[in-house]
Amino acid sequence: MSQTRGKYDFCIGLVLAMSSSIFIGGSFILKKKGLLRLARKGSMRAGQGGHAYLKEWLWWAGLLSMGAGEVANFAAYAFAPATLVTPLGALSVLVSAILSSFFLNEKLNLHGKIGCLLSILGSTVMVIHAPQEEEVETLNEMSHKLGDPGFVVFATLVVIVSLILIFVVGPRHGQTNILVYITICSVIGALSVSCVKGLGIAIKELFSGKPVLKHPLSWILLLSLIVCVSTQINYLNRALDIFNTSIVTPIYYVIFTTSVLTCSAILFKEWQHMAADDIIGTFSGFLTIIVGIFLLHAFKDVNFTLANLPLSLRKDERAANGTLLSTYDCFNHDEESSACLGEIQSTESHSARRNGSLSAF
């Protein structure tokens with residue numbers, strides 16, 4: 001009976017996690033559209049500390065979509081371990097990248113499509129080899145876990161790093177360095193997940209008739225979650241307003257997932273009970289995701305598609321004729337492609353005539 005119940009909870013958590021990724025991926029697009037509309041109106045941008053986006057309905061639609069995704073994510077953490085739910089956030093990267101290409105005119109080239117595929121494959125590998133966290137079924141057990149010296153040290157470091165980034169690094173480098181605001185969102189997100197996990201346990205106990213509302217940990221977790229989520233929303237808005245969505249989303253996913261997995265490992269000590277092949281599989285899956293996300297945004301400005309592959313395969317032939325040109329140079333800009341190809345053909349023709357080839361005429 002317990003195995004059947006465990007499989008049922010696993011399926012519910014899996015469906016909720018996938019639904020969450022769809023809602024959250026779409027929320028990035030809606031928020032970005034709202035921020036772009038405000039920029040065209042001349043309102044003070046969120047990246048400069050403005051809050052005009054609170055009057056923009058598209059931004060609110062994005063917020064509601066993110067809220068729905070977070071609710072689904074919240075429920076998923078109550079049914080499944082964090083090491084299963086968090087890696088599935090790669091789906092939000094895929095959703096955001098695809099929607100950005102349609103609604104924000106942000107290119108998704110061949111490298112980006114391969115990157116999306118690698119992100120999904122890496123997430124699948126991580127799910128298969130995910131460590132199983134220790135059973136925590138009551139708030140008293142959760143309170144004992146949160147009081148562990150290792151987690152206390154981790155949480156203290158997260159708070160200190162976040163405060164330094166917010167009050168010292170952010171005002172100086174936040175407008176130019178994409179990692180500043182995203183790091184704030186990500187490391188605080190690790191604490192948010194811990195709060196969500198605890199509140200999920202509290203809700204389960206509440207439905208079973210236990211006096212959860214009298215337990216002080218329930219209110220501490222709720223207050224901490226509100227503070228963490230508010231901070232995340234504020235600095236994520238700043239990052240989205242300043243930098244390209246297709247860059248913000250994957251970098252946020254990598255740092256956030258790393259923070260959550262680290263927090264989960266410290267809080268539940270799940271790595272102590274893992275086999276060597278599961279540890280290797282987990283790291284391999286995560287590295288695959290990182291490679292996929294790198295491909296997704298590192299070559300986003302290169303206009304390279306499957307249609308260009310036959311031309312790039314003829315590079316050796318052009319090199320033999322002394323006409324080697326960089327394929328990326330030819331396809332880096334659409335308007336220059338035809339001129340570049342014409343130059344290649346002209347050079348090949350001249351070389352053929354010089355060698356007495358009749359095919360040149």
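Using N, Cα and C of the backbone, Cβ positions are placed for all residues, glycine too.
All annotation found in TrEMBL is predicted automatically rather than curated by experts.
Here is what TrEMBL records for this protein:
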- 12-30: transmembrane segment (TRANSMEM)
- 57-79: transmembrane segment (TRANSMEM)
- 85-104: transmembrane segment (TRANSMEM)
- 111-130: transmembrane segment (TRANSMEM)
- 150-171: transmembrane segment (TRANSMEM)
- 178-203: transmembrane segment (TRANSMEM)
- 215-235: transmembrane segment (TRANSMEM)
- 247-267: transmembrane segment (TRANSMEM)
- 279-299: transmembrane segment (TRANSMEM)
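When the stretches 150-171, 178-203, 215-235 are ranked by Cβ pairs under 8 Å to the transmembrane segment (57-79), first place goes to 178-203. Stretch with the most C-beta contacts under 8 angstroms to the transmembrane segment (215-235), considering only 12-30, 150-171, 279-299: 150-171. Here the transmembrane segment (247-267) has Cβ contacts under 8 Å with residues 25, 28, 81-83, 86-87, 89-90, 92-93, 96-97, 115, 119, 131, 133, 145-146, 148, 150-151, 154, 158, 178-179, 182-183, 185-187, 189-191, 193-194, 236, 239-240, 286, 289-290, 293, 296-297, 300 of the same chain, all six or more residues outside its ends.
The recorded stretches the transmembrane segment (150-171) and the transmembrane segment (178-203) share 3+ CB pairs below 8 A when only pairs 6 or more apart in sequence are counted, and are therefore in contact.
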